[in-house]
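Peer 1: Pulled these features from TrEMBL for this protein:
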| type | residues | note |
| --- | --- | --- |
| TRANSMEM | 73-100 | transmembrane segment |
| DOMAIN | 91-344 | domain 'G-protein coupled receptors family 1 profile' |
| TRANSMEM | 112-137 | transmembrane segment |
| TRANSMEM | 157-179 | transmembrane segment |
| TRANSMEM | 191-214 | transmembrane segment |
| TRANSMEM | 242-265 | transmembrane segment |
| TRANSMEM | 286-304 | transmembrane segment |
| TRANSMEM | 324-347 | transmembrane segment |
Amino acid sequence: MDCSHQQEFIKELYQLEIPKLSSISQTKRINLDMNNFPFQPELNASCTDVDETFYRTEHHTYNTSTPQLIPKFYIAVPIIYSMICAVGLTGNSAVIYVILKAPRMKTVTNIFILNLAIADELFTLVLPINIADYLLLQWPFGEFMCKLIISIDQYNTFSSIYFLTVMSIDRYLVVVATLKSKKMTCRTYRAAKMVSLSVWVFVTIIILPFSVFAKIHTEEGRSQCVFVFPQPEGFWWKVSRLYTLILGFAIPVSTICILYSIMLYKLKHMHLHSNAKALDKAKKKVMIMVLIILGVCLFCWTPYHLSTVVALTTDIPQTPLVIGISYFITTLSYANSCLNPFLYAFLDDTFRKSFRKMVECGTAS
């Protein structure tokens, strides 16, 4: 490879590096460089010095001997996001349609599942804009869309976990009422709607700061949709990450774990006047479902929130490996939006029967 080709190759790598700094991706993904300084390649190096060239920030340097991984990210990320979008739209649309149309699906639990599906559907609907932003290497949609897309992204982060928390509280209350042989008169379809509305209002209040700080930032002729914090930026960046970690993970997940632990303990030791085999089967089914819910939720979201701890406590150079890991962690959290329909609906016998019946009616007509 001659000198000009080597320098062009480095330029291409630099351009492919930009998605980590532009866009919605920055607001969601791990950002280990708090000051958001772009990497600047030293393109004036001689041919013999190309292998010695470093990308630099105010704090970090790394050698260009490893960035051959970046083009793979550039190709793989939009493909994976597109798959998540397609599966998420299909699955969540099916959940929303069946719950709204099938009379048998009008239950308290399904109201929460419906809202969970709506939250995931909103996110998957705007995911193509994230993909376009990634591929264009800049934000061409204006500040209003910037604030809107970031708000929806944050809705996805907070609303899912809070609806899971509400579902946990609901299931816990059902178990307690069953143990005490009491009927829950307040657990009605209307009450579930009011609780769901309250969750949306609460989450809206939580995400308001993100909408305020989301702005268009132009650097070197490229518009980026990013969080623009007041001075000192480093302090407010840390506050935003702690804010998300505590309100979006620590508190709700701790609540879920405590409630499910108590519920499983009570289910294990409960004794009801019913057929022993049927009771045994029901207990196992509930326990398995609870474990699946907890396992998938924690699997998808724990790495993302743990990255906050890493970002706040360590100083890691943004090498291609770190960038790749950050994209993987973000993709994992995004994937939860297309997994939820299968977890909360497709594993439900009633849903499957209702869905099958509606499909048969549709094909018959």
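Including glycine, each Cβ sits where the backbone N, Cα and C put it.
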Peer 1: Determine whether the transmembrane segment (324-347) and the transmembrane segment (191-214) share at least three Cβ pairs under 8 Å, counting only pairs 6 or more apart in sequence.
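Peer 2: Checked: the transmembrane segment (324-347) vs the transmembrane segment (191-214), no contact.
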Peer 1: Apart from its near flanks, which chain residues at least 6 from the ends of the transmembrane segment (157-179) lie with a Cβ under 8 angstroms of it?
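Peer 2: Non-local partners: 28, 108-109, 112-113, 115-116, 119-120, 187, 192, 195-196, 199-200, 202-203, 206-207, 244, 247-249, 252-253, 255-256, 259-260, 262-263, 266-267, 270, 272, 290, 293, 297, 301, 333, 336-337, 340.
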Peer 1: Please indicate, using numbers and ranges, the residues of the same chain that are 6 or more beyond the transmembrane segment (112-137) and have a C-beta under 8 Å from a C-beta there.
Peer 2: 15, 18-19, 22-25, 77-78, 81-82, 84-85, 88-89, 92-93, 95-96, 99-100, 145, 148-149, 152-153, 155-156, 159-160, 163-164, 166-167, 170, 192, 195-196, 199-200, 222, 225, 334, 336-338, 340-341, 344-345
Peer 1: Between 0 and 100, where does the mean pLDDT of the domain 'G-protein coupled receptors family 1 profile' (91-344) sit?
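Peer 2: Reported value for the domain 'G-protein coupled receptors family 1 profile' (91-344) is a mean pLDDT of 82.
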